[in-house]
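Asks: One structure coming up, written as structure tokens, with questions to follow.
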Amino acid sequence: MNSTFADVYPVGMSIFDPIDLGIDEYGQPVTLDLVYRNLLAGGEPGGGKSGLLNLITAHTALSTDTRLVLFDGKLVELGQWEDSADEFVGPDITHALAVLRRLQQVMNNRYAWLRNRKRRKVTAGDGMDIITAIIDEIAYYSATVGTKQEQDEFVALLRDLVARGRAAGIPVVAATQRPSFDIIPTSLRDLFGYRAAFRCTTPNSSNIVLGHGWAEQGHNAADIPPTNQGEALLLAEGGFPRRIKVAYLDDGQITNIAAHAARLRAGTTGRAA
Ligand SMILES: Nc1ncnc2c1ncn2[C@@H]1O[C@H](COP(=O)(O)OP(=O)(O)OP(=O)(O)O)[C@@H](O)[C@H]1O
């Protein structure tokens, strides 16, 4: 008898479990520990960023100790997870700003809670849900829709969340198909503990994602063949970039996992923070 996804994951997973991403160039499994690190994914259109985001979202949606906040300007990249999300933001900068302001407030409340207990970070035993914010695509909100003032506020709120969210249990996963200094200034990029460079058009844009100088040391996402979608260079804080191939969930698989995740979460979304 074929086992279904629900047979394999009957009670859900934890966001504190390592997230399976795929394999490295030696065939070794690659995992991600997201809770205390943020992840930035950059690269040219079609390189596989949304594939990575969907994989992380799948793990997150199946983790009943996490609440999901999704930003998807195109609606179709993360749209299948809407039923698992506490908030799903589409192409609406007013909504995006309202949700980011709310996340900032939750983050401030959590810092006050930690400070009262002379603690530095939220842990698994606190009974506080991790809130995972996933953004596809940064540039849509920071440079395409809305007024300049709204875009600036989006960038300021995002930067604050990325800078302070981790310890408060609010990790951020964000992608952009525009790896340029105006979209990912160094000061923002450096706040991301994980950086994944999918195929880039130039060594310079690869460096904008990974950090200055990596391309010159041979870690250059511009040498990823355009035909190998899902290949990326993954840098984890303090390490060397690893060449990886991200596992891919097709639409049918996402539909099944999302339906199961929504069932697992039934009655758990929409709670007050
Ligand atoms: N890990 C992967 N393995 C195999 N094929 C993949 C993988 N990731 C993506 N692809 C293929 O590449 C296509 C484009 O991928 P994806 O939408 O993730 O790119 P993207 O970088 O998010 O593009 P955009 O910036 O336009 O949103 C997918 O439709 C799929 O066919």
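The backbone N, Cα and C atoms fix where each Cβ goes, and this holds for glycine too.
I grabbed these lines from TrEMBL:
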type    : residues                                               : note
BINDING : GLY43, GLU44, PRO45, GLY46, GLY47, GLY48, LYS49, SER50 : ATP binding site
DOMAIN  : 27-207                                                 : domain 'FtsK'
Asks: Which one of these binding-site residues has the most other Cβ atoms within 10 Å of its own Cβ: GLY46, GLY48?
Replies: GLY48
Asks: Apart from GLY43, GLU44, PRO45, GLY46, GLY47, GLY48, LYS49, SER50, which residues in this chain have a Cβ no more than 8 Å from the mean position of the Cβ atoms of those residues at the ATP site?
Replies: GLN177, PHE198, ARG199, GLN229
Asks: Name the secondary structure element type, per DSSP in three states, that contains PRO45 (ATP binding site).
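Replies: Looking at the DSSP assignment, PRO45 (ATP binding site) belongs to neither helix nor strand, so coil.
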Asks: Same chain only, sequence gap of 6 or more: which residues have a CB within under 8 Å of the CB of GLY43 (ATP binding site)?
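Replies: Looking at Cβ-Cβ distances below 8 Å from GLY43 (ATP binding site), excluding near sequence neighbours, one finds LYS49, GLN177, PRO179, ALA196, ALA197, PHE198, ARG199, CYS200, VAL209, ALA221, ALA232.
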Asks: Among the binding-site residues listed here (PRO45, GLY47), identify the one with the smallest other-Cβ count within 10 Å.
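Replies: Result for the binding-site residues PRO45, GLY47: minimum number of other Cβ atoms within 10 Å at PRO45.
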Asks: So for SER50 (ATP binding site), how many other CB atoms are inside 10 Å of its CB?
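Replies: By my count, 22.
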Asks: Within 10 Å of the Cβ of GLU44 (ATP binding site), how many other Cβ atoms are there?
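Replies: GLU44 (ATP binding site): 19 neighbouring Cβ atoms within 10 Å.
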